[in-house]
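Annotation comment: Swiss-Prot describes G30, Y31, N32, G33, I34, G35, K36, T37 as ATP binding site, evidence class sequence analysis.
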Amino acid sequence: MYLEHLSLTDFRSYAQVDLVLSPGVTVLVGYNGIGKTNLMEAIGYLATLSSHRVSSDGPLLRFGTERALVRARLVRNGQTTVLELEINAGRANRGRINRSNPVRARDLLGICQTVLFAPEDLALVKGDPSNRRRFLDELLASLVPHHAATRSDYDRVLKQRNALLKSARAGRVTAAHEATLDVWDQHMAKAGAELLHARLELVELLRPHLARAYAELTDASKPADAIYRSTLQNQMDDDGASLGATGRPGPGDAAAAEDLRGLSIEELTQRYVRAFGESRKKELERGISLVGPHRDDLELVLGQAPAKGYASHGETWSMCLSLRLASYYVMLDDARTGGSAPILILDDVFAELDVQRRRKLAAIVSGAEQVLVTAAVDADIPEELSGRRVKVVPGGIDEQGE
């Protein structure tokens, strides 16, 4: 798939901007702070309904405005689709598909698919588990759009259950509290099992591609791997740190999750119900849910050591890039069975890499149907990514500068 046209109204720094795009490589060049990333962020938001830079929608609206509009014309498998996303302050966002009546924003998920590489990706290795959970859930929503509803259902149940635990913690725990918790345990077990099952399947798809991508980028002897750490297996401590096979924070092996990978959603549901019962006393004492996919982690491993805390800066960057490439390869596999190859976005990434990693990454992505790259100067772009150049200037695009 590829974008033919992007239009933004009151998005970030832009009152109005239009960008004509084409298949192949397009490099947007402009000094730092000029607005290149805002353009890439808008495309990424259209694909995932979330920003790679901020956790809330407020900063996406141009200061002093009440809504922002992102419009795009997308060509997918030869068919043209016009997407429009209205981002509103204080109320639900809305979408339109081919100028239809308004639909829920999440109805747009899965239509425009992107893989976005950015400096913020360092948080995938160095950050807390929420960054890695978000990575998995966003990729799942792109591949299977109804996963967004699954995650939303789980978050809703989790919020209700936590409110009940806090209420019970504030006073004496009564039989009514216990009975109500039993009901919410069932709801959360079912929603959590669906979420966990989907994540486990996705991690198994990612693992071989992660190893391949890391080897392509580095020629390193250390193999790269990813291990899903679940609270169902006592793989996380009460503060959210990963536990290895020894029960101490640290790496383990993928076999530790073998029994979970072989379980059905119904079996996982029963596992959660039992786990909630075993942890109830501690949860009532703390007033929060200690078991569930909201506390799980995706541990990234280099050789025998976790990448977090042990990888060098260069290895950390290689792992981040490899994880994004792995998601790209998974999407390509999906495209071969009826999907469509995603748009690749590389936002100010090459400036962060040494020459060797620049050239290897460029060689890998150059064959994608559409590659959008941003850079402060042309010198940051490897020769392997020859293509159209677009000059970004204050407030818009310099058509004469292309």
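Backbone N, Cα and C define each Cβ position, glycine as well.
Secondary structure at Y31 (ATP binding site), as computed by DSSP, is coil.
In this structure, T37 (ATP binding site) is part of a helix by DSSP. Neighbour counts were taken at the CB atom with a 10 A radius for the binding-site residues G30, G33; the maximum falls on G30. Long-range neighbours of T37 (ATP binding site) (same chain, six or more residues apart, CB within less than 8 Å of its CB): R53, A118, D347, D348, T374.
Cβ proximity to the ATP site centre (mean Cβ of G30, Y31, N32, G33, I34, G35, K36, T37, cutoff 8 Å) flags the following additional same-chain residues: T374, A376, V392. Taking Cβ-Cβ distances under 8 Å and a sequence separation of 6 or more, the neighbours of K36 (ATP binding site) in its chain are L28, V29, G30, D347, D348, T374, V392.
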